[in-house]
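Contents: one structure, followed by commentary.
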Amino acid sequence: MTINALCPMAIRYAVVNISQNVQIQSCLRRNITSLSASKANTTVDKEDVERHGKHMNAWWDPKGKLGVLHSFNMLRVPLVRDGLVSEPEKEKTLTPLANKTILDVGCGGGILSEALARIGGIVTGVDASKDLIECAKQHSDLDEKIAHNKPTYFCSTIEDHAEEYPNNYDAVVASEIIEHVADKELFVQACVTCLKPGGRIFVTTPNRSPRTRLLGIYVAEYVMGAVPKGTHQYHKLTTPNEVSFLLERNSCHVELIHGMMYNPFSKKWSWVNSTNLMFAMQAIKLETEHK
């Protein structure tokens, strides 16, 4: 075989080797990036935090672009109240959650935190947004109904809070937050860590379903404007089965799952049988923790 005949073969061989090396290096870079991300070990999605922080000035306008969160309290507050206390009709009070310690995770500007405090709950709110925590603190000073029972607010991640306050709360509420976190497994683990054995966790979130993609994101955000554009990313949503699995892995027993729906015309929420669009879940932390 002549040198001229060998040259094309050598060139092809070199090209193949270079191509393989590039692929290997690219794969290594992806693995290193993935490993670095896992080592970061955080629930915080900085872009999501910044996106929500931009709504700080509109947070407490019940007729504004976040009005859907205000009306949502008509379902969320009874969900937490009834999950924690069972009052006979004759013994009902205006403060059924008195002496119940409650952690509101991803509390934002405090819409749910204040509502739970108004009925007696000893509420702590945590959020990764400094702007929204400041908004929550400022508004709590304006609400006379909670003058003697203001929520306590921390700008913190749930994993950091869990390290400082393990087995501390009668209830943890994660309402409209799990769909925004970077690490759902870490998020659920930290939430459960904060709970006392026998305490209850409440989760509300959109379901990752075709119906949610169409109605909950496209129509609600981009057609009707019921929710600010970009609030939800479909790939970050979760399902009832996935949340149940994470809770059970962390020594919780799921007690109930409800479907929910928002009517943009009446601007009211209601319980429904189907969980295809949104769901609420209640679980109890078992006495023996999973190690």
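Every residue gets a Cβ built from N, Cα and C, even glycine.
Straight from TrEMBL, the features:
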type	residues	note
BINDING	ARG76, GLY106, ASP127, SER175	S-adenosyl-L-methionine binding site
DOMAIN	103-203	domain 'Methyltransferase type 11'
BINDING	GLU176, GLU179, HIS180	Mg(2+) binding site
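Within 8 Å of the centroid of the Cβ atoms of GLU176, GLU179, HIS180, where the record puts Mg(2+), the same chain has further Cβ atoms from GLY106, ILE177, ILE178, VAL181, THR205, PRO206, HIS232, LYS236.
The separation of ARG76 (S-adenosyl-L-methionine binding site) from GLU176 (Mg(2+) binding site), Cα to Cα, is 11 Å.
With respect to their backbone Cα atoms, HIS180 (Mg(2+) binding site) and ASP127 (S-adenosyl-L-methionine binding site) stand 12 Å from each other. As a summary of secondary structure, the domain 'Methyltransferase type 11' (103-203) carries 43 helix, 29 strand, 29 coil according to DSSP. Cβ environment of SER175 (S-adenosyl-L-methionine binding site): PHE72, ARG76, ASP104, GLY106, LEU112, PHE202, VAL203, THR204 lie under 8 Å away, each six or more residues apart in the same chain. GLU179 (Mg(2+) binding site) is 14 Å away from ASP127 (S-adenosyl-L-methionine binding site) when you measure Cα to Cα. Taking every protein chain shown into account, ASP127, GLU176, GLU179 are the binding-site residues, and of these the Cβ with the most other Cβ atoms within 10 Å belongs to ASP127.
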